[in-house]
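Asker: A single structure is presented below for examination.
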């Protein structure tokens, strides 16, 4: 059903975009390292559908879940570098070799960066009964009793956990992380009060905060999130703090530059579509398009920042 | 009454022709997908999720919910007919259900399943209608130590599900737990027992495990039998009805199973599976003739089926009222809600009350459809057994292969099925039950996680495990159950005199 | 494991399976030990599998000992023919699905799997294989939209 709809939309666009170049002449597969229905899968389908219209070829989403998406990344790293296999990755991909053994790819050497799509802000939240109202309260409460306070994360060496570690490091705090299996149980634990604090996705945080089940203390992005101007950024209290997972598209190393260019432009046009942007925002993504060149110049930095943070926790305690 | 008006409004919305159609479509598709070995509601929903992008939100959710409980029901059909559970929660139904099939009473087993599921589902819905907020609070009040204790109880109970030696039942559970620990440890990030395979880093997938331990082992045991494995089946409408005595014996198990299922379903984690196992072992203990369990009696089908269906209903409570999915399938349904711009969460019941009540109403209608669809279909399902097994079993192999391959499109998984299947076949030959193994696999890792967290939050004080009343009671029952069969076996043997040759 | 043992002195399948359990869970416990036991407050990755592996090994030993001291009748029998062909059928599917596609994988595994039954006939399983390919293609690829390779890569 979906194919028919997209194909119908794509026909009028084919003439302009496709005649100029040979590529793409058949459907492109975009590999996602997570199961259907999750945030990454939704992102792939939404952006993929819109970019298909630009390319005049269907972008088919292929789910290869496992090992934080690194199995999918390794699959793409080994794929033919012809532009017909792409990888929708997120921050875990970049620190994969540090967190997992034998991932089978190198985050820099194995890929050609295609486009940066979005960030997904996290929020520092507190149970309503905890006597803190803002970041200053939080910092003074926690620094008074080192080692006393727990915070919930969605697993060891997840971005949620690393955000906590980075905050502890930068603000000189000593807290104890309590790993949960994924985001939902960690939200539950803070709502029920089993754990006083937690790093959870901004999306989950705002929906629980509306019902008064949680207090949001701050977001982990460098600046405030435009849709929630009332929520402070943690960086306002802890200067320089920034820890938000990001989502991007990679192609196997060796993909021809003009193909990368075509793809990068297609994603760029897609990411300027108001309708797409608003549906991404509604799902907790903060759209942040960067073309291949801009993104490529950021990749080494991103890899080293996250890998450093991850290496502290994955071999430490 | 507020609830009544709201519910009637919900019915009015759910009974529109379009929604009825999607409800029916969902239930029918779910049943079909559930019957195919290797496929379950989870895969069905994830594959059909993109289709629902194009539907109106009410219809989309109604259809997905239909696939969900249709899948649960379809799973039981596969358990009973071919001894390969379509879903983990129907694994325990295999034990007596398939024995009934072997006695030529598959139709009765299916009929009892349909009725028990309907009653269990309905009771779950009634409770959900009346007590949603209360049940949600109950689920929230559960702390790590409580979860740990309930799961330990579930594990020990599932060991007693086994026919024959209780010792072997325990070993099966423990082996399941050990296989469950394969993969990355949630709490430390350490990769355990992966033997260097990157595919094992996230652990063994449940579908793969179930298809190896049940599917491959069953096909090997039955292929090439000179006698058809299922004998002659009676398929006339009249033969479908249970005897008066059977109907009477089923009422207790259905009532208790539904109650148990409704309560446990609300707990995030393994609600339907856990409650099916607990209901079965509870009935076995309660029965005056526990040795008859496993020989093909209706109680062994009625109890777990009513329990898993009522749990399947109440599993929606935390998902809808708190916005917190209890299972992967629920997470998908939540995802679908979000795609339609409905943020699930504490305000769903107030701000989208119409959706909530439409859903409740559609559950009821869905369960009714399930009943209407399946009573006549029983005769058709049973006819499946008339296909010569030499044609049926290669088909089962192919469906298992494709189902498993579709999980992550990796041929490695097929070889993993072979490895687990070899273990499963060995266990079966030597008299170790597969169902407790599966239960250990599902609950073991969760239990570890909760135990660790309870102790971490309790700062290493082991007594936190007995400080909460729920945990203390569960642990007390567990110790009793654990001691009884080990002692009981010896008591029985002493009574007989000397060990029998 | 040996086929049905008529001797009553030892329950062979219990003995063998008990020892196998000891080996398997002992292996788990051993590797777990290397992952670190930790403390109650911060359990190491090895704590839980070590404890359960040890208990399981002890129970396995119990089964093995019981098989010698107080044996029950051994009713175990292994179907070697079925085991061989059915494992081969799964392996065929796993080997063929990516290079050769769905149709070849299904026909291949049907034909090999069917040999588990001595009464199967080649033409019958070939026919079944093609029928199944069509049905599975319809259900999984057309209706459910799975991206499974259907035909060999070269086509």
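Using the three backbone atoms N, Cα and C, a Cβ is placed for every residue, glycine included.
All TrEMBL annotations are machine predictions without curation.
Sequence annotations record features per position, and here TrEMBL assigns domain 'DUF1468' to C:16-149. The transmembrane segment annotation in TrEMBL covers C:12-30, C:50-70, C:82-107, C:127-154.
Describe the structural context of each listed feature in the structure shown, including burial, neighbouring residues and relevant distances.
Answerer: Non-local neighbours of the transmembrane segment (C:12-30) in the same chain are 1-2, 5, 49-50, 52-54, 56-57, 59-68, 71-72, 74-76; each lies 6+ residues outside the stretch with a CB under 8 Å from one of its CB atoms.
If one looks beyond the transmembrane segment (C:50-70) by at least 6 residues along the same chain, the residues whose Cβ comes under 8 Å of a Cβ in the stretch are 10-12, 14-15, 17-22, 24-30, 32-33, 37.
Note on the transmembrane segment (C:127-154): residues 97-104, 106-108, 110-111, 114 of its chain, located 6 or more positions outside it, place their CB under 8 angstroms from a CB of the stretch.
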Asker: Give me the DSSP three-state residue breakdown of the domain 'DUF1468' (C:16-149), ordered helix, strand, coil.
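Answerer: Each residue of the domain 'DUF1468' (C:16-149) counted once, the result is 99 helix, 2 strand, 33 coil.
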